[in-house]
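*Asks:* Below is one structure. I have some questions about it.
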Amino acid sequence: MSPKSAKPDRYTTSTRPSSSSSFLTTTTTINHTISSSMSPINIFSLPSRAGPTTSLRDEIEAGLAGRSEPIVPGNRTEDRRWSFKRNIPTVVLYDEQGLKLYDRITSDAPEYYLFPDEMNLLKTHGPAIARAMGFPGRDEKDQDQDEEQEEERDHDRHPQKPWKPARWGDAAVGKWNNGVNGEEGLGGGWQRGWDVVELGAGALRKTAYLLTALSSALPSRPSNADSLPPPITYHPLDLSRPELHRVLGEMDEAFGQKFKGKIDCIGLHGDYDGGLQFIREGRLASLRNSFRGRSTLFNNNSAINDESSPDFVARIDKALGNSPPLSPNSTAIVTPGPEVSPLPSGITDDMSRCSMTDESGTWSPVEDSESLAPIPPRAASPIFNSDRPLHLVFLGSSIGNFSRETAAPFLKSLPLRKGDSLLLGLDGRPVPGEAGNKKVTLAYNDPAGHTRAFEEHGWEVVRKELGLENDPGVEFVGRYNDLLGRHEAYFRSKGRQTLHLPNKNVDVTLEEGELLNIEWSYKYSLLEALELFEQADLRVVDSWKAPDSEYRLWLLERPYVHFSASSSTLLSNTDNPAIMDNFKGVPKWEEWLELWKLWDHITLDMIPPSMLHKKPIDLRHICLFYLGHIPTFLDIHLTRMTNGSHTEPEHFKDIFERGIDPDVDDPTKIHSHSEVPVEEADWPALDEILAFRDRVRQRLRGIYNQINDGQLTMSRHIGRVLFMTFEHEAMHAETLLYMLFQAPFTLPPTAVAKPQWEVLAKRWEAEATPKEVISLSGGTVVMGHDDLEEEDKAFPDKNGWADHEFGWDNENPKIEVEVKPFKVDSLPVSNGEYRAFLESIDVKLTAKIAPASWVEVDGVWHVRTLYGPVAFEHAAKWPLMASKNELDAFARSKGGRLPTEAELRFLWTTPEGPRPAGVAANVGFKNWHLIPPANTVRDHSGAILHGHNGGVWEWTDTPFAGYEGYVGSEIYPGYSADFFDGKHYVVLGGSFTTISSIAQRPSFRNWYQANYRFAFIGGRVAYDV
């Protein structure tokens, strides 16, 4: 990233500067001279980071020294003309004059579409973005009333400084006692507040639209608002102090009165790594607290507030309120808490660094620092304890200045917790072809020459640093590399010239026409963007696309739980037993922790205590049973695996070992199962079950430790037991969720941002894809895999089975099936289609007739969600969730049928077919609700973006039975065979609540009775040829 913290909308070199710049710990208060009534400008210089510093001259010389072999940006013949051996650090572009030239690009070069497109998105969609971020918003009546009250207060009190509260030091400040929802208590969410940190000072014209939207989405003004600080604190983070001065001064002048009492501002002077580490350590709260009651001091033009005193450091530590480290035996180690830990310190690489102390004696990008003793460095805290949401803003497609290899690690390093968000501007690859290439080329080399002037000014900085005189100079050239999806900017030497490098005391020769790379900007196709977010462990909350370009604003969050199809994207954890990394199918310790966070969220946050002894579905047990069943099942199989003793209380195995799946037509017909208490008083207490759960989790932790320490030999049998118990719990999480789906008293999930249905529905309507009929010529499809359980005995240790894929008994063996030609719908049956079908046959909707996924509210039909009923029009394009019988009837009305197991598998292998666990698929808790399905397309990178079905399993017309050569499980007898009854049918794929490792395993098979109405299953229509 550019050491300037990346000027929005432009480029940088291919790698990012490290965090080792030396920053002074200074809080500077400077009164702008534009208006005597203005607030002081508060800029806090971030603590220095450990490590060597490098001067700007050193950076330039390192780039000019170059490498022995040229870099060719591509593999085509034309790419060879753009090869280079040397580069110039991007920071040379961003001195004070460079920033002025850059502003001319954004204001006077209409070809530079990134800036106006992003600004218009913020202007048009600002209110929707604010609501999606979690700002509560108000209706128009409340806003009008607040404005009238504000005008009355202005008449009754002496003038206050814009951007500052009336009484900053009041005792009410900082009493965040109103809970995570922020709406209780006297101050409500107003008192808890929000932090907004923009990476790069940005541009006033764009940022103002966002801040205006956020301030308008605040909750109603509380009665004690005058005694509270402004609820929003805006922190622009930038490496250029003059840029911070300019932005904050202009913001104060233009919007001070508008944001008064709503938004406060403290600039952060430093680079990305320093700012993000400051956030990880919880110091934003300390910084806010340190300013309380100091408005008089801030009015002093020459005031420099020394925040490096021991007293200030002590206040920081006290404000953080970090809990002591967990003891090795703490149950918190195996029972995850409610808060997601931010990731460790930022990435490092070999990129150039920019020093704050200018060793060359010429220009430095940061000026007028006051030299004060820095805050002593302290270790990063694994969790910064605050219920105050943090919203990071990274605009201008600045992430495009990272290489594709470093972009995801940087985004993954952002300290986002549950409830936080990232608003990311990202330019897309243009439409393939000459027109798209020309659009990007003109954006970065406008006809009026504003970009050329900006770029070539950088060579003037090089001249000054190296003391060059009478050199031939360079000219700016650039191109859009459509193969790599990036614009590339270069200096081209105007003549053969020899440059002396003073610090290295060597000469380098540039040949006439030689290229020096200075910056580039990557563009992301939709597929590339989704892959970037997956690798960065980010979930898409919503996105907004510019109407005349591929520019998008993405609102992202760190998911509370993350089930990636690739375990390499899991959060790093020093407790991970390294030996477990060697086995493909065995869950790693981090995966257990993710699963337990999910399970505990469902069972403890979504089920009210009053519901524990109720049955949301008559065909299943009470909710409390499942809380006991999961740890009991795990304990039983760990006991058998180790030939050990059951965890106490041992009698739990008699109550909780096996659940029920009775015959829908005759519930008295049921397979072997545990006998459960009849009376509520006879069930174990919740606290007793949870204590048992924690002991079993500790037992599993001990087994992982024993394997890692070599005390327990890792065999394939042990691997299978760990695999089986893990997937068993994951499947029961989905079972419990579709049960809760039917209950009116279920509490909504808080693991991800609450959906804004009306906003999402507008985007879904705009992006809707028409249903097509796909003709397939047939062929051979492979189903199942080879995984015979009895062969585990041949692998008594860790050797010879590291790549083995585990499965359940019905997945074995691998078979080949010939599929005849057939046709099939590209999308599944939707809610809207099924309702139109019922209306076409004059069926009156009742609770018995309508699908169980619909519900009538006050005479109006809605679609069920885990968040409660949603308007039918918002969910009309979602896939219908219904029984096989219901979908059979719809298919027959279309002259079709449901596909067979082999046909559906075959569809999922074709180029035009969807993928049940593709990058766009709605599985693995990406969302806690359905979305409209999508067709397969070829995106602007030329790659295929496979379609998806919206987040449902899919019915087949194949009765559930074992493949030829089926052998039942010895570890879990009856798992499959109990349901080879002709009433159960094969179900394939996965739903929005299916973990990714199950959804992406082609051999996995699920099954349900044809008239079972409650599971998250849809279907598509197939046709005979």
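Note: Cβ is positioned from N, Cα and C throughout, glycine not excepted.
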*Asks:* Can you dig out which of the ranges 355-374, 495-514, 795-814 TrEMBL describes as region 'Disordered'?
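*Replies:* Region 'Disordered', as annotated by TrEMBL, spans 355-374.
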*Asks:* Per DSSP, how many helix, strand and coil residues does the domain 'Histidine-specific methyltransferase SAM-dependent' (195-284) have?
*Replies:* 46 helix, 18 strand, 26 coil
*Asks:* Thinking of Cβ pairs under 8 Å, which stretch from 195-284, 386-557, 604-735, 771-1022 has the most of them with the domain 'Histidine-specific methyltransferase SAM-dependent' (85-133)?
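*Replies:* The stretch with the most contacts is 386-557.
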*Asks:* May I ask which of the stretches 195-284, 604-735, 771-1022 has the most CB pairs under 8 A with the domain 'Histidine-specific methyltransferase SAM-dependent' (386-557)?
*Replies:* 195-284
*Asks:* Mean pLDDT for the domain 'Histidine-specific methyltransferase SAM-dependent' (85-133), as a whole number?
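*Replies:* Summing pLDDT over the domain 'Histidine-specific methyltransferase SAM-dependent' (85-133) and dividing by its length gives 94.
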*Asks:* Which residue counts does DSSP yield for the domain 'DinB-like' (604-735) in the helix, strand and coil classes, in that order?
*Replies:* 77 helix, 0 strand, 55 coil
